[in-house]
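Dumping the structure here so I can ask a few things about it.
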Amino acid sequence: MVNPTPLHPRQTKRSAAHADASPMPRVLPHVLPVSRPGRCAAAVGAGVFDRVDETDPFLSVDIFRRHGACIPPHPHAGCVVATYLFPESTTSLRCRHAHGGDDILRPGDLLWLEANCGTVHEERPDHARATARGVRMIVNRAGRHAHGAPAQTVVRADAMPRWREGAVDLTLVCGQWNEHQVARAEGERTTLLQLDWRDDDLCTLTIPYDGRRWMALIAQGEAALAGHALRAEGGGAEAILLPPGAWQLAGRAGARLMLASGEPLAEPVVYRGNFAARDESDLVALTRRYQQGAMGTLAPITE
């Protein structure tokens, strides 16, 4: 348990599992700039945008909040759009794309949309005055499946592993964490882990030496990680890039921290207008395909 004083965790020693590795200078976590999303007026929240040199393969990761707003039809290409709806959301989302995908995303579910060659996507809540909160990750796939058909899958909440460590409840939304894995999920090398504090508590968070890049983003409440304060509201840092190693993590009751990781591509990418491309000429080609209707259209819902 932590006491009521401000949270100031200290750096811990490297775990014994890596004691035989070659000695290397200790790389410290550092704060990532957090900003408000500017691409969609229907959503509010905060996240890390346009920092791919640091967050590769993520083009953006953000915490969103929408009050009954529909995200109207819009294109995506060259990327994955992963949308996780927090369990306490008071609405489901109907998620459609122009190549036949049509799924209901319920609270606690994850939608994984492989845009590939490009498609038009829409999200519509089932209650006009309800609230949807969650995490959105845009993962770079520029040029990797330029001719592949778009496809979306849903990971249901009941397929996600859940366990408790001390006063912290953990939910593996996708990917792998230690011995836990989300079965049949796309993008196994992309992980999203949710940590919820039932009470004030501290623990050691061990980031594996597996070649992936890891970041932590506060979703609600107050926590502290590797000496950095994380607060969902007010001052303080809200996102941290985490190198491998063991780091002390402390949280207040009610706090929620999201931990995301992916394998860096280390490739050029231009991301603009929801299109991820290898270079400007590819971006122009994607834009032209969309303007010519090659990414499809979505008919209005008539109910």
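Any Cβ shown, glycine's included, is placed from N, Cα and C.
No curator has checked TrEMBL annotations; they are predicted automatically.
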Pick from 1-24, 169-192: which range does TrEMBL record as region 'Disordered'?
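Going through 1-24, 169-192 one by one, TrEMBL gives region 'Disordered' for 1-24.
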HIS121 (Fe cation binding site) has how many other Cβ neighbours within 10 Å of its own Cβ?
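The answer is 27 other Cβ atoms.
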For the domain 'Pirin C-terminal' (211-295), provide the mean pLDDT of the predicted model.
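Averaged over the domain 'Pirin C-terminal' (211-295), the predicted model reaches a pLDDT of 93.
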How many other Cβ atoms sit within 10 Å of the Cβ of HIS74 (Fe cation binding site)?
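There are 15 such Cβ atoms around HIS74 (Fe cation binding site).
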If you draw a 10 Å sphere around the Cβ of GLU123 (Fe cation binding site), how many other Cβ atoms fall inside it, taking every protein chain shown into account?
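Other Cβ atoms within 10 Å of GLU123 (Fe cation binding site): 22.
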